[in-house]
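K.L.:
I'd like to ask some things about the structure below.
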Amino acid sequence: MAAIRDYKTALDLTKSLPRPDGLSVQELMDSKIRGGLAYNDFLILPGLVDFASSEVSLQTKLTRNITLNIPLVSSPMDTVTESEMATFMALLDGIGFIHHNCTPEDQADMVRRVKNYENGFINNPIVISPTTTVGEAKSMKEKYGFAGFPVTADGKRNAKLVGAITSRDIQFVEDNSLLVQDVMTKNPVTGAQGITLSEGNEILKKIKKGRLLVVDEKGNLVSMLSRTDLMKNQKYPLASKSANTKQLLWGASIGTMDADKERLRLLVKAGLDVVILDSSQGNSIFQLNMIKWIKETFPDLEIIAGNVVTKEQAANLIAAGADGLRIGMGTGSICITQKVMACGRPQGTAVYNVCEFANQFGVPCMADGGVQKHWSYYYQSFGSWFFYCYDGWYVGRYYRITR
């Protein structure tokens, strides 16, 4: 019988072992030895937990220049992401990509709904004239969904501010022929042009009003802050927002045909933050040309290209200017590419190989498809830097997320 070792030497013994338990990620994902692995083809060995869960940060790069607080996005499918899902994905620290299975105008309209849900400084507020009737003001409430409007001397933006009208001013007025100037709040509290967003929010807290109107030195209306946006900030402090406008971040998908160029123009005009080039095979001359055109036409727009499953595919898209990659072929909830075309790659191997390559160029990746159970997240995240793009998994949880 072997001698019993001193328990104090247990750690020293592990250091002298020829190799640690299990396989390294490089050994596990060696395609020459193991071919391709799906998520349920392996398990992750446990290790030492020497930190509290509160110390864990899920902050992850979506693209070269966009960072979110959670590594979750919703897929650009017509059964998954429209304006409501995109709004709540952004509020809950992720991002949603609005599908393009609709007219360009309808897609741009969905985009505007997301963008208008929350604002920083509202630089193009809807204003009315002092000679507008109460009846017309009530109609504007029904049209826009709110009843608070700045009143300027000529009813135009960037004109002399003469008052403000709210729902309280007109709620009990029965004579709809009265003019706004007869019922409006005169001399509303204002902020001076140049105040910061945080300074403006502090004023809103003190005055306990629905809006803060910002004017220049001549008293002309410049912009506006809304109390409802302040309340949204308190409820969703980590919401995904544009660094410039403080509006919610959102993305959208387009195809790679010439007709998609005009669609993209409409989306950019509506405030697009990041675009997905939606294709099951991203390594095509059509997508490469589209990436180059976008970079020339809209150099500040972030592009997520794909889908890819190999390093060679990734290399072409990175060289063309992609700011992020989407990984997966035949692994989505309704995708049948592998069965019909005998083309694709098991998602575990695809994710590791593409991420390992793309990370060398600072290009983040997202795994698209293959999530069947909650533990699939852990498989996706080992040794890699990327997001999870969910489609069918989200559909059954839609009301839980958005309600």
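Just so it is clear, glycine is given a Cβ too, placed from its N, Cα and C backbone atoms.
Annotation comment: Swiss-Prot describes Cys335 as active site, thioimidate intermediate. The NAD(+) binding site annotation in Swiss-Prot covers Asp278, Ser279, Ser280, Gly328, Met329, Gly330. What Swiss-Prot records for Gly330, Gly332, Cys335 is K(+) binding site. Taken from Swiss-Prot, the feature IMP binding site covers Ser333, Asp368, Gly369, Gly370. Residues or ranges marked as domain 'CBS 1' in Swiss-Prot: 121-183. Look at Swiss-Prot and you will find 184-240 tagged as domain 'CBS 2', backed by sequence analysis.
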K.L.:
Per DSSP, what is the residue tally for the domain 'CBS 1' (121-183) in helix, strand and coil?
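P.N.:
Across the domain 'CBS 1' (121-183), DSSP assigns the residues as follows: 19 helix, 14 strand, 30 coil.
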K.L.:
Which binding-site residues are spatial neighbours of Asp368 (IMP binding site) here, meaning Cα within 10 Å, out of Asp278, Ser279, Gly328, Met329?
P.N.:
Gly328, Met329
K.L.:
Given Asp278 (NAD(+) binding site) and Gly369 (IMP binding site), what distance in Å do their CA atoms have, once rounded to a whole number?
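P.N.:
For Asp278 (NAD(+) binding site) versus Gly369 (IMP binding site), the Cα atoms are 14 Å apart.
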K.L.:
Fill in the CA-CA distance, Met329 (NAD(+) binding site) to Gly369 (IMP binding site), as an integer in Å.
P.N.:
8
K.L.:
With every protein chain in view, how many other Cβ atoms are within 10 Å of the Cβ of Gly328 (NAD(+) binding site)?
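P.N.:
I count 25 other Cβ atoms within 10 Å of it.
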K.L.:
Round to the nearest Å and give the CA-to-CA distance linking Ser280 (NAD(+) binding site) with Gly369 (IMP binding site).
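P.N.:
The Cα atom of Ser280 (NAD(+) binding site) is 12 Å away from the Cα atom of Gly369 (IMP binding site).
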K.L.:
Could you check the binding-site residues Ser279, Ser280 and say which one's CB has the fewest neighbouring CB atoms inside 10 Å?
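P.N.:
Among the binding-site residues Ser279, Ser280, the lowest count of other Cβ atoms within 10 Å belongs to Ser280.
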K.L.:
Out of Asp278, Asp368, which of the binding-site residues is least crowded by other Cβ atoms within 10 Å?
P.N.:
Asp278
K.L.:
Grab the pLDDT values for the domain 'CBS 2' (184-240) and give me their mean, rounded.
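P.N.:
Averaged over the domain 'CBS 2' (184-240), per-residue pLDDT gives 87.
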K.L.:
Can you give me the Cα-Cα distance between Gly369 (IMP binding site) and Gly328 (NAD(+) binding site) in Å, rounded to a whole number?
P.N.:
6
